[in-house]
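Scroll down for the structure; my scribbles are underneath it.
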């Protein structure tokens, strides 16, 4: 079994040397509640920048896929939508989805690139598939440029918590190039205005006979607020919020009046003030909203990594020496428990 | 008769020596990398992985027969192995690279780990790999998943809770996903990658640091493992990120009205 896996990539390597195909990206499209995830729309934009065709792949359970495919085929830049349905694809676990991807990418595959957003699902799936095909993937890219003349692709990505930018090149002799896309670095693709709908093709699911992994349960933190990753405004709180009650009582009114999503620093999440899914930073979500309001956040390197590309950063902190003031466009040294209610009051008027 | 369910668990914890998380890094003028003459320590996610392995043993006692740590890196990475041994690992493997060798990529590391796991077969094998979800230097977050793919093992990424049910050969893992969490039941052998939420790593006590000096570290070379760690991707340059325009004390306002005025200027609030 293992030996088979080792043999297969070599076959791909050989084939790709013989021809130099124009770029053709396979985009892994994620969806939630019947809608294409916004981060996948950004990944589509990145895939389009390769300068060739883009084929989308939608996988999911019965009843989920059709609606998503209908929406996906109208996306600008997608020439084809493949879809595959299996009850094992809800949720899309790496162990069950990777055989399908491997098969799509193996037998006489037209694809030169595999693209997805840098979401939790893709972070788990893409490296697994790439590894099986003996390819080094590139994660969380902020720019992509394909050189059609020599079939190399150059990316930029952030390293050291966003404190350095690496420019890396996937060389011509890498037959298939895998990368995941930092959604905040690319504008989301939009639906086509008229006509030109993408071709749709159903493909049979390929799932392992018995999966070594079973999905037991999923619990999502429910919120009526905009999704943190794509919100145009974010109000974020840190350790200074004291406890979960004051965190909510202080941030919610401001988030409401601004129409913002709520975020948190690691300190606030660790202390249990906010759910982990709200963490902004190197190891949490990376956001780049129009407005980022940091309340009682000191501005550790790891937090800045997740928000310093925001257009306007507002910081409120008691400590005038807090590093957050080094990146803030508007800083107010003061007690957030006085400042925030006053701000909410005045914004309501 | 039922087949014997007594199976001993061997845990492998891959760790990496990284620039300390608190260091403000500097890009070198040649744009080839960063200034590495700074404090290094164990990748924080790997500390969590070591801690989890030790806690699993504390819970399961003698059912865990070994905790082995492994690192792939320059000679100085041995310090990182000692730290892990002081935290409670039993033994270590150091796949030593020359000081000047380029830092291996996740694919190379995963292949080396696969080879280490193959070597361990005679010594009881490896049932559970626990490793960090990402290294804080290259921020790739790929090695665990690639390793699971190469081995054809299940994977449980971004784990916030690991519950080993050794009698049934399964592990229940709660993992962080976008917008919440999910619980998976995975068969052993398994690769787990750790999220920050999993645990709070312990500090090694002085007696344990002393004891760790006597624990064995096996030295191997990439050649011993027959793996090629040459990077597949070409790093063209490393640069400073664009500086934020503005920022700094000058941008401070003295009251809420001025703050609101700034928001109005930026067109973020109306009226």
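A Cβ is built for glycine as well, from the same backbone N, Cα and C atoms used for every other residue.
TrEMBL lists A:239, A:265-266, A:279-283, A:296-303, A:317 with the feature FAD binding site. The Cβ of residue A:303 (FAD binding site) has 27 other Cβ atoms within 10 Å, all protein chains considered.
Per-residue pLDDT, averaged over the domain 'Electron transfer flavoprotein alpha/beta-subunit N-terminal' (A:25-215), rounds to 95. Look at TrEMBL and you will find A:25-215 tagged as domain 'Electron transfer flavoprotein alpha/beta-subunit N-terminal'.
Shown in sequence order, A:161, A:162, A:301, A:302, A:303, A:305, A:306 are the residues of the chain, 6+ apart in sequence, with a C-beta less than 8 angstroms from the C-beta of residue A:282 (FAD binding site). Neighbour density at the Cβ, taken as the number of other Cβ atoms within 10 Å, is lowest among the binding-site residues A:297, A:300 for A:300. By a Cβ separation below 8 angstroms, chain B lies close to none of the binding-site residues A:239, A:297, A:303. According to DSSP, residue A:279 (FAD binding site) sits within a strand segment. Taking the Cβ of residue A:279 (FAD binding site) as centre and 10 Å as the limit, one finds 28 other Cβ atoms among all the protein chains shown. Residue A:239 (FAD binding site): 18 other CB atoms within 10 A of its CB, across all protein chains.
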